[in-house]
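Per Swiss-Prot, the features are as follows:
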type	residues	note
BINDING	76-89, 283-295	NAD(+) binding site
BINDING	96, 106, 134, 225	substrate binding site
BINDING	225, 249, 253	Mg(2+) binding site
SITE	141	site 'Important for catalysis'
SITE	192	site 'Important for catalysis'
């Protein structure tokens, strides 16, 4: 198979964290003789500066050719005042939509070395390992009609449309069930079926699919408000959570903080054939850009997810995850996960330490 990667560093801390991750990618590519090749492109603010738009045609062509994309982060205050339709975040929505990256996988995994970094008591989060499967190309973020209009009385009104078809729900539920079969065989589908018809259909469709094709997977349903509470109250009850775009966006960020730092969490966005875009869960953090303080581990772990889900190189993926564990065992910490008695290091040093652990 082709093994072509497109690297999009993006904005803010993107170039720094991607730089560290690229060193790790180079190391595993050599060590495991993976035969991967890659090129660089522009997305978001950097693309606006160079081409006047967040997702230019040249990047689109590169993305279509690639088997996997490694992204840093997009956005920053520099572009907050330009027209909404060409802001950096629009580039991210466009690439997801164009490549049909409908399945977003967000693990919330607590490294034992970082148990004290969580805001919850250690006994509540110890051993935490949740996978949130979020539908990424439908729902209220993409539904039409949408906009801001003026009513007859002169008052402005904002409106959006939350819409899901049966086929969209089925394909994301299928991903969740397939992944659950490799884990704890437990899926919790999150909806608001008591109020929203769109999630009433969601609940019904997920249930029918489970009964027809995945009878060995334990399925439960939870309203989103309760799910948000349960994630804080007793997070270890969850294994795989599947939900729509809006709910998934919110719950995955909440779950991220159970682990102590969003700087530790990778994500994958996949199409139906395993092509994917891999990126850290955190944003572009322009306030710390260029200071060599950002945590590159989420981006490095995104490389591990890429090797696992797109290239099916499990040994190489596991080697990266083990190397991250070794570095944490050595007491190395970036500022966001720093605790008493540990050694504070910068972005570059953390990346180099992971490379050394892979030797």
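Just so you know, glycine gets a Cβ as well, placed from its N, Cα and C.
Annotated features, which come from Swiss-Prot, shown on the structure.
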residue: 80; record: NAD(+) binding site; Cβ within 10 Å: 11
residue: 88; record: NAD(+) binding site; Cβ within 10 Å: 26
residue: 106; record: substrate binding site; Cβ within 10 Å: 23
residue: 134; record: substrate binding site; Cβ within 10 Å: 27
residue: 141; record: site 'Important for catalysis'; Cβ within 10 Å: 18
residue: 192; record: site 'Important for catalysis'; Cβ within 10 Å: 21
residue: 225; record: substrate binding site; Cβ within 10 Å: 13
residue: 285; record: NAD(+) binding site; Cβ within 10 Å: 23
residue: 289; record: NAD(+) binding site; Cβ within 10 Å: 17
residue: 293; record: NAD(+) binding site; Cβ within 10 Å: 17
10 Å Cα neighbourhood of residue 253 (Mg(2+) binding site): matching recorded positions from 80, 88, 106, 134, 141, 289: 106
Residues near residue 76 (NAD(+) binding site) in space but at least six apart in sequence (CB under 8 A): 11, 12, 45, 88, 284, 286, 289
Of 141, 225, 249, 285, i.e. the recorded positions, those within 10 Å of residue 192 (site 'Important for catalysis') when Cα atoms are compared: 225
Fewest other Cβ within 10 angstroms of its own Cβ, chosen from the binding-site residues 84, 96: 84
Listed binding-site residues among 80, 84, 96, 134, 293 whose Cα sits within 10 Å of residue 249 (Mg(2+) binding site): 134
C-beta crowding around residue 249 (Mg(2+) binding site), within 10 angstroms: 18
Proximal residue to residue 134 (substrate binding site) among recorded positions 80, 84, 141, 285 (C-alpha distance): 141
Closest of 96, 106, 141, 225 to residue 293 (NAD(+) binding site), Cα positions, recorded positions only: 106
Separation of alpha carbons, residue 96 (substrate binding site) and residue 141 (site 'Important for catalysis') (Å): 12
